[in-house]
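Asker: Copying in the features that TrEMBL gives for the protein in this structure:
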{"type": "DOMAIN", "residues": "71-363", "note": "domain 'Peptidase M14'"}
{"type": "REGION", "residues": "209-234", "note": "region 'Disordered'"}
{"type": "ACT_SITE", "residues": "Glu330", "note": "active site, proton donor/acceptor"}
Amino acid sequence: MQFNSSKFNEDFYNTSYDDLSTMSFRTENSTQANISPNKGRCIPNYMKGLRYIEPRLTQKSIHVQYMTWKKYHRLAVVYAFLDQLEKEYPAICTVVVIGKSVHGRDIKMLKISNTDATNSGVWLDGCIHAREWITTSVVTYIANCLVTQFHCLPKYLTNKDWHIVPVLNPDGYVYTHTKDRLWRKNRSKFKGGIGVDLNRNFSYGWGNNGDEGSSDDPSSNFYRGPEPFSEPESASVRDTILGSHSTFKVFLSFHSYFECIIFPWGYKVEPCPDYIKLLEGGIAMSRAIHQSTGKTYKVGSTKDLTYFACGTSTDWSYGVANIPYCYMVELRGRKHKFKLPREEILDTCVENWQGVCKLMEYVDKTS
Ligand SMILES: [Zn+2]
């Protein structure tokens, strides 16, 4: 579906705003969810037409952006998209600020739930590493599919309390749009460097394996921070999950660009107690991805497929929060690394929507 007003269809990179906290926008309903998990019965909700809300920006030049999966978006657009979903679908959507970043930005989470007390919890996060922009595209796409098709999705998708954080590291994310496209960490200041690698700042296995698993040097890209959960962004994950009424069954943290699905442990070589179940769940996802677009995502433990990673969110969610299915999904793409071309955004979203759907089916079958 094409927008009918070209004046609003300006290239995002020409926009003048940065991180506006209030803006109005239009949303493009998903027309690309061409592989419905409920084949034949679910009609994408694109007949409603486009919504246009009068901009309320006070800036001299008004540039309105709206959510699509044709390009990457700034934080304000992502957050406005979450707010719009809540406004349009109040029966199932709630936007919660789960914490503040080092610089005081909101860390927004979209909760999607039919509030059935028997639901289990699912966690999805993107951009814990700031430069991995495709992860935000994927989790917002999944949110959009869930919300706009909720009425006709299979039960294994609707019997979940979805907790979706598209940008877990908002300071870093803004920094990648304004200063340094390849920034990874958050923006904490330390003597000797800026930023903590938030995916080395969780408590389980924190600091293990010395320099192989993380770094004690603030100038390193893998700086683990002065202590576990020293950073508000990682602490917000801990507090939200441990403080939730939901019993979480699935924890998915999205990264790029290794094209693989990896699970605990990252802090040691030995297989985790549920290695076989996690392997099977990962293979179910990987198969669905391959059937969707032909892409191959390898499956295995973090250490087996990548390297020692100590203090990760997935080791913590599995080892401390006792969530049985914990994965880091490393998205595309090996060729362009963190700068995945916008032409590949939609395919990456679609294949991972299929993968996540299949994982939920697998999880319900096995428990
Ligand atoms: Zn990453």
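The chain as shown is numbered from 1 upward.
Including glycine, each Cβ sits where the backbone N, Cα and C put it.
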Asker: Take the region 'Disordered' (209-234) and count its residues per DSSP category (helix H/G/I, strand E/B, coil), listing them in that order.
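Answerer: For the region 'Disordered' (209-234), the helix, strand and coil counts are 7 helix, 2 strand, 17 coil.
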Asker: When the pLDDT values for the domain 'Peptidase M14' (71-363) are averaged, what is the result?
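Answerer: Mean per-residue confidence for the domain 'Peptidase M14' (71-363): 97 out of 100.
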Asker: Quick one: give me the count of other CB atoms within 10 A of the CB of the residue listed as 'active site, proton donor/acceptor'.
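Answerer: A 10 Å sphere around the Cβ of the residue listed as 'active site, proton donor/acceptor' contains 23 other Cβ atoms.
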